[in-house]
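*Asks:* I grabbed these lines from Swiss-Prot:
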- 19-39: transmembrane segment (TRANSMEM)
- 61-81: transmembrane segment (TRANSMEM)
- 86-106: transmembrane segment (TRANSMEM)
- 118-138: transmembrane segment (TRANSMEM)
- 161-181: transmembrane segment (TRANSMEM)
- 199-219: transmembrane segment (TRANSMEM)
- 286-306: transmembrane segment (TRANSMEM)
- 320-340: transmembrane segment (TRANSMEM)
- 352-372: transmembrane segment (TRANSMEM)
Amino acid sequence: MIVNIASPLYGSVQGFRRLDFSLYATVAILISVGIVMVASSSLDFAAERYHDTWFFVRKQITFLAMGLVGGLVILAVPMSVWNKYSGLLLILAFFLLMAVLIPGIGKVVNGSRRWLSLGPFSMQASEIAKFCLIVYFASYLARRNEELRTQWSGFLKLTAVLLIIVLLLLLEPDFGSSVVISATLGCMMFVAGVPLARFLLLAVSGVAGLALMAVASPYRWERLVAFMDPWATQFDSGYQLVQSLIAFGRGGWFGVGLGNSLQKLFFLPEAHTDFIFAIFTEEFGFIGAIALIGVFGFFLYRLVILFRRASEQEQFFSSYVVFGIGVMLAMQAFINMGVASGFLPTKGLTLPFISYGGSSLLITCGLMALVFRVNLELNRENQEGKP
């Protein structure tokens, strides 16, 4: 497939003036907060580990620049092209999730084989798969909507794809991504009109299966026990959660101030990645945490508005893409914040836009480019429809 990018790219850049400014500004705010918090939470750790205070900040800014360039390319591609070639994206997702399991290709980090080595960089296969799967699921729901609503075959085909994806993720293992992807597809199927009985069957089966796997795995069971009573194992499996809760406690109402966190000083592991929300709350307090949640809430609200606009204009593929992206990012944010605050067991998911992580930031930029592309196309249709 060869796509002439130059002309659409110019048109897309010119079309930025037609973007939903409030959505664009909200994304910019979240990314800016992320850069600031990566700096605040990682400076001391980077100086100790790499003898380079700005090691993580520089890498995060590099990933952001790459994400913006990649996002412009994605923005230039019409949604009809993504819809047409969605099957290739599904094949790519399968290929990457299988390749990462091969020794020598997949890189083991913290006991999980989730990373693909790409020269000086490493990419998390599940993050790329999320992008591919949202596009494929949206295309399937738009193309096979009648079959999905009225026949078991349409439902079972998509469920089979999901089961294979989840199996590959659990072999890494990546329990958190399997939960997010399963929940995202379930919600997309529900909004596409899958009968309630089938939706409930999928939901109950999924919850039961994931719960069984959590209980059957000694490692996950240990995490679950630590979550229920972290103070009983505060020097063992509950250590990370206890340190996170201490960060919340130190933050109080208004926080200790930007850069003044103590928990980031080698007390709280993964302070700049999975538990960056705890450091944010310590430095900005309960009020700051509520404000950040409010920004995420407004961001999701704008996605819901865009989803409704696409549905009203019968751009169902675009509407399902926007809805899937919204659900996926909302799930990740909810789980990350829930883990950091002790509301959920540890999952190892990043906080979208905020946490350090090249794979997460690159894919999030790509997903936002799809959202902006949908908005551009809807606005163009509105303008062309005017007398």
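A Cβ is built for glycine as well, from the same backbone N, Cα and C atoms used for every other residue.
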*Asks:* Let me spell it out: take the transmembrane segment (161-181), skip the flanking residues so only those 6+ beyond its ends count, and list any with a Cβ under 8 Å from a Cβ in it.
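*Replies:* Contacts of the transmembrane segment (161-181) (Cβ under 8 Å, skipping residues fewer than 6 from its ends): 90, 93-94, 97-98, 100-101, 106, 112-114, 125-126, 129-130, 133, 136, 210, 213-214, 217, 220, 328, 331-332, 335, 347-349.
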*Asks:* Who are the chain neighbours of the transmembrane segment (118-138) in space, where the CB to CB distance is under 8 Å and they lie at least 6 residues beyond its ends?
*Replies:* 82-83, 86-87, 89-90, 92-93, 96-97, 99-100, 106-107, 158, 161, 165, 169, 172, 174, 177, 180-181, 184-185, 188, 317-318, 320-321, 323-325, 328, 357-360, 362-363, 366-367, 370
*Asks:* Establish whether the number of Cβ pairs under 8 Å between the transmembrane segment (19-39) and the transmembrane segment (286-306) reaches at least three, counting only pairs separated by 6 or more residues.
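*Replies:* In contact, yes.
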